[in-house]
Amino acid sequence: MVSRDPEEGHRTATPLELLFDLCFVAAVGQAAVQLHHGLSEGHFAPTSIGYMMVFFAIWWAWMNFTWFASAYDTDDVPYRLLTLLQMGGVLVLAAGVPATFHDYDFLVVTIGYVVMRLAMIAQWLRAAAEHPEGRSCALRYAGGIAVVQVGWLLRLLLPHPYGEIGFLVLVVAELAVPAFAERSAPTAWHPHHIAERYGLFTIIVLGEVVLAVTAAMQEDVADGGWSAGLLEIGVGGLLMIFAMWWIYFKHSHVQRLRENLRGSLTWGYSHIFVFASVAAVGAGLEVAIDADAHKAHISEVSAALTVAVPLVVYLLLTGLLHTRFADAGGRSALISVVGSALLLGTALLAHTLGVSSAVLLLGVLMALLLTAGLVTHREPVSEAA
């Protein structure tokens, strides 16, 4: 196992990486299902907090593998078997997601997470043994990850509210490991490969949103047949998904990814909110379908906000990323800010418009914001953000 060439031509995602992503999106789907149910019942704060806690575990394990693979993917038997172990770990984590929302039981999720991280430790130890130039960095990764995993297991013993405090401390510790390790001898990850991997995962999460909303619409049709409201939500949702895809890929960030460690970490870390907001839009659309069918236990405004709020998070984050890493200019940021205000204002009108019409308008607004961005900054669609 030696470091890959960061200047390697035509470096693309491998079939194993795509299979890996599909396993992780299964866990994302489970988290989104629980978010949908909790929001529909009106449990906004605890459900949102639980969603982000679970999503962090999914995203962080995915991100660590992605950057490691960009630097050290050998695609041999040991590498594939350790990747298989990580896929098994995320499926265990996915199986434990309902218990975290219903009973605040993180045992199964933690076990699945630690399994994934142990596989990652093994990968780093192999890199340390077989790549002398990167040994210091690899050992720092392996040691840092191992210490934090002990913390995750001990956290299970903490009573409420110390468990939440412990969670925040351990999140900071996890995020600090790459900064600590990379300062010794940075890994030679491939910027084009990293950008493609993040772009592909964004597309896969968008696909999960399509699947979830389609299933919710099918259930509603089976119960009461097609309705004008359901069609409005369907059209609005499709406009949102397409606009989110286009907005993400509107600019390329590849050229500025390797400027410095802080910039690389900022770009990589900020994507937790991009991925989480995409999946949350799907959950919000399902809540809107429930509200339109009078199955939700929340107001129409609240239902519309479950769609608008994650759209705002997505719009602001992608706007900031494009401004910082693609030199999109102040107009891009301005469009994001003004657009966010318009999205929230539209959601607040749901008590007058109805939730389905509000969702349709949210979709139209996203399309108009995309158009404004294209007009003010003409640039070919990039292969990956």
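Cβ from N, Cα, C; glycine included.
Feature annotation from TrEMBL assigns transmembrane segment to 49-69 (among others). Same-chain neighbours of the transmembrane segment (49-69): 14, 17, 20-21, 24, 27-28, 31-32, 34-35, 38, 83, 86, 89-90, 93, 97, 100-101, 104, 106, 109, 112-113, 116-117, 120, 123-124, 127, 145, 167, 171, 174, 178, 187, 189, 194, 197-198, 201, 268, 271-272, 275-276, 279-280, counting only residues six or more beyond its ends whose CB sits under 8 Å from a CB of the stretch.
Per TrEMBL, the feature transmembrane segment maps to 81-100 (among others).
Per TrEMBL, the feature transmembrane segment maps to 106-125 (among others). The list of residues near the transmembrane segment (106-125) in space but at least 6 beyond its ends in sequence, with Cβ under 8 angstroms from a Cβ of it, reads 53-54, 57, 61, 64-65, 68, 72, 79, 82-83, 85-86, 88-97, 99-100, 138-139, 141-142, 145-146, 148-149, 152-153, 155-156, 163.
As annotated by TrEMBL, transmembrane segment applies to 137-154 (among others).
Within the chain, the transmembrane segment (160-177) has long-range Cβ neighbours (under 8 A, six or more residues past its boundaries) at 53, 56, 60, 104, 106, 140-141, 144-145, 147-148, 151-152, 154, 269. The transmembrane segment annotation in TrEMBL covers 160-177 (among others).
Sequence annotations record features per position, and here TrEMBL assigns transmembrane segment to 198-217 (among others).
As annotated by TrEMBL, transmembrane segment applies to 229-248 (among others).
The transmembrane segment feature in TrEMBL is assigned to 269-289 (among others).
If you look up TrEMBL, you'll see 301-321 (among others) marked as transmembrane segment.
Among the features that TrEMBL reports, transmembrane segment is placed at 333-352 (among others).
Annotation source TrEMBL lists transmembrane segment at 358-376 (among others).
Contact between the transmembrane segment (198-217) and the transmembrane segment (358-376) is not supported, since fewer than 3 Cβ pairs fall under 8 Å when only residues 6 or more apart in sequence are counted. Beyond the ends of the transmembrane segment (301-321), by six or more residues, the same chain brings 39, 42, 44, 240, 244, 247-248, 253, 267, 270, 273-274, 276-278, 280-281, 283-285, 287-288, 290-291, 328, 332-333, 335-337, 339-340, 343-344, 346-348, 350-351, 355, 358-359, 362, 366, 369, 385 to within a C-beta distance below 8 angstroms of the stretch. Outside the transmembrane segment (229-248), and at least 6 residues removed from its termini, the chain residues within Cβ reach (under 8 Å) are 199, 202-203, 206, 209-210, 213, 217, 220-221, 274, 278, 281, 285, 288-289, 292, 307, 311, 314-315, 318, 354-357, 359-364, 366-367, 369-370, 373, 381, 385.
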